[in-house]
Each structure stands twice: as C-alpha cells, then as structure tokens.
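Trainee: Dropping a structure here in structure tokens format, bear with me for questions.
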Amino acid sequence: MPDENIFLFVPNLIGYARIVFAIISFYFMPCCPLTASSFYLLSGLLDAFDGHAARALNQGTRFGAMLDMLTDRCSTMCLLVNLALLYPGATLFFQISMSLDVASHWLHLHSSVVRGSESHKMIDLSGNPVLRIYYTSRPALFTLCAGNELFYCLLYLFHFSEGPLVGSVGLFRMGLWVTAPIALLKSLISVIHLITAARNMAALDAADRAKKK
C-alpha cells in the first residue's frame, strides 16, 4: 500500500474548512453579527461531520483528533474574547470560562495520552461516571457542546439585537434562557474534567515514584 497522506484525509480536510469558516467569522464579528454568527455556527456544525467521515472512511487519526479539539478550543476562546470586548463588565467571567475550558481539556488530553489512550474521548469505564456518560453518549455530548456554543453565540447576537419577537420576547433572549443551563452544566463538567485529570496525573506520578523506590 502506498504511503497515505494523513493531512489529506477527508475528516482533516473538513477540519481545515472549519478553521477557514471560523477565521471568516472572527473577521466579521466587529461589524456584521449575522454573517459572523452564521460562519461560526457552520464551523461548529461541521464538527459533527468530520467524526462521521472518520468512522465511515476508517480515517480516524491522532492528528485529526488533536486538530478537532484545538479548533473547538480556539474557536470558543476567540468568541469569548469578542464577548469580553462587548460586555466589559463581564470580562472576568469570560476569562475564567476561557481558562477553565482550555486547562481542563488540555490536562485531560495530556493525562489520556500519558496513560496510553489513543484519544481523549476513550474513557476508562471504571473512571468518573459523569465523564463516562459525556463521552460515551453521543446525544449527551452533542447537546452539551452545541448548547454551550449556541449560548455564547446568542449572547454575541443579543448585544446587537433582541432578535425577532416571539410573542413579546425576542428570539435571542429566549434562546439565552434555554441554553444558559446547558452552558452552566458544560462548565461544571469542565471542572470535573480538570479534577479527574489532575487526580489521574497525580496517580501516575505516585506510581512512577513507587517504581523508583
């Protein structure tokens, strides 16, 4: 079999498209909320397709998994930076949210790699029950991730407009009410991510030290 070009696998090509759409979104964020949010959500929507393509074409790779996670983290972080500019009074909240998201996923990924997992989504079934559900139930994973991204996207749109009226309430405001609990739950799971990964790393350190004695 000739050498395969991992960088040109279909899921990775989708990943590159996600990055392009995200950059277009960031470019339009200061001036064109509907255009920016459309490209941002399109980038997020493609996240579901690259996973399906990887499984259907047997093209799952470590590079693809890393690309996927980094795109997710960087996209959310850039949106939160913009929100901090639009809502300066809530800057601390956005800073904490960014830090928690990046730190929890990075430490969880690193601990998974050190333990020998091929992906941060490969969960030891004897581990944390919340993370087990989060990573083994695709509906739960999709709902939490999509709801979290939609919350921040709606918060961005809400700065410019209430949105079309549904009765006497703007659509964007209504969407914020619905997605806020999901975003809060996602943040709590990030805390669990961080604590569980820290405990895993500490256990690995303890095991290594025991071997040296």
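Just so it is clear, glycine is given a Cβ too, placed from its N, Cα and C backbone atoms.
For ASP72, the entry in Swiss-Prot reads active site, proton acceptor. According to Swiss-Prot, the Mg(2+) 2 binding site annotation covers ASP47, ASP68, ASP72, on the basis of similarity to another entry. As annotated by Swiss-Prot, Mg(2+) 1 binding site applies to ASP47, ASP50, ASP68, with the evidence given as similarity to another entry. Residues or ranges marked as CDP-1,2-diacyl-sn-glycerol binding site by Swiss-Prot: GLY51, ARG55, THR61. Annotated topological domain 'Cytoplasmic' per Swiss-Prot: 1-5, 49-73, 117-139, 196-213, in sequence order, evidence recorded as a curator's inference. Residues or ranges marked as topological domain 'Lumenal' in Swiss-Prot: 161-174. The transmembrane segment annotation in Swiss-Prot covers 6-26, 28-48, 74-94, 96-116, 140-160, 175-195.
How buried are these features, and what lies next to them?
Mentor: Cβ neighbours within 10 Å of ASP72 (active site, proton acceptor), excluding its own Cβ and spanning all shown chains: 19. Look at ASP72 (active site, proton acceptor): DSSP puts it in a helix.
DSSP gives ASP50 (Mg(2+) 1 binding site) a helix state. If you draw a 10 Å sphere around the CB of ASP50 (Mg(2+) 1 binding site), it holds 26 other CB atoms from the protein chains shown.
Non-local neighbourhood of THR61 (CDP-1,2-diacyl-sn-glycerol binding site): ILE6, PHE9, PRO11, ASN12, ALA54, each in the same chain, at least six residues away, with C-beta under 8 Å from its C-beta.
Residues 33, 154 of the same chain, all 6+ positions outside the topological domain 'Lumenal' (161-174), place their C-beta atoms under 8 angstroms from a C-beta of that stretch.
Here the topological domain 'Cytoplasmic' (196-213) has long-range neighbours at 104, 107-108, 110-111, 114-115, 127-128, 131, meaning same-chain residues at least 6 beyond its ends whose C-beta is under 8 angstroms from one of its own.
Taking Cβ pairs closer than 8 Å, the transmembrane segment (6-26) reaches residues 36-40, 42-44, 46-47, 49-51, 53-54, 57, 59-61, 63-64, 67-68, 71, 74-75, 78, 82 in its own chain, all 6 or more past its ends.
Nonlocal intrachain contacts for the transmembrane segment (28-48), taken as residues 6+ away from its ends with a CB within less than 8 angstroms of a stretch CB, comprise 14, 17-19, 21-22, 68, 71-72, 75, 79, 82, 142, 145-146, 149-150, 153, 156-157, 159-161.
Remote same-chain residues near the transmembrane segment (74-94) are listed as 18, 22, 26, 29-30, 40, 43-44, 101-102, 148-149, 152-153, 155-156, 159 (criterion: CB distance under 8 Å, separation of at least six residues from the stretch ends).
Residues of the same chain lying 6 or more positions beyond the ends of the transmembrane segment (140-160) and with a Cβ under 8 Å from any Cβ of it are 29, 33-34, 36-37, 40-41, 44, 47-48, 72, 76, 79-80, 82-83, 86-87, 133-134, 170, 172-173, 175-176, 179-180, 182-183, 185-186, 189.
Within its own chain, the transmembrane segment (175-195) is flanked in space by residues 97, 100-101, 103-105, 107-108, 128, 130-131, 134, 143-145, 147-148, 150-152, 154-155, 158, 163, which lie at least six positions past its ends and keep a Cβ under 8 Å from the stretch.
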Trainee: What other residues of this chain sit with their CB within 8 A of the center of the CB atoms of GLY51, ARG55, THR61, the recorded CDP-1,2-diacyl-sn-glycerol site?
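Mentor: My list of surrounding residues reads PRO11, ASP50, HIS52, ALA53, ALA54, GLN59, GLY60, GLY64, ALA65.
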Trainee: Can you tell me how many other Cβ atoms are located within 10 Å of the Cβ belonging to GLY51 (CDP-1,2-diacyl-sn-glycerol binding site)?
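Mentor: 20, counting other Cβ atoms within 10 Å of GLY51 (CDP-1,2-diacyl-sn-glycerol binding site).
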Trainee: Within the same chain, where does the topological domain 'Cytoplasmic' (49-73) have neighbours whose Cβ lies under 8 angstroms from its own Cβ atoms, ignoring anything closer than 6 residues to its ends? I mean 6 or more beyond.
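Mentor: Sequence-remote neighbours of the topological domain 'Cytoplasmic' (49-73) are 6-7, 9-12, 14-15, 18-19, 22, 43, 101-102, 105-106, 109, 118-121, 145.
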Trainee: What residues in the same chain, six or more past the boundaries of the transmembrane segment (96-116), come closer than 8 Å to it by Cβ-Cβ distance?
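Mentor: Tertiary neighbours of the transmembrane segment (96-116) are 66, 69, 73, 76-77, 80-81, 122, 124, 187, 190-191, 193-194, 196-198, 200-201, 204.
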Trainee: Need the DSSP three-state call for ARG55 (CDP-1,2-diacyl-sn-glycerol binding site) to compare against my parser.
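Mentor: In three-state terms, ARG55 (CDP-1,2-diacyl-sn-glycerol binding site) counts as helix.
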Trainee: Around the Mg(2+) 1 site formed by ASP47, ASP50, ASP68, which additional residues qualify by having Cβ within 8 Å of the site's Cβ center?
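Mentor: Counting only non-site residues, the set is PRO11, ILE14, GLY15, ARG18, LEU46, ALA48, PHE49, GLY51, GLY64, LEU67, THR71, ASP72.
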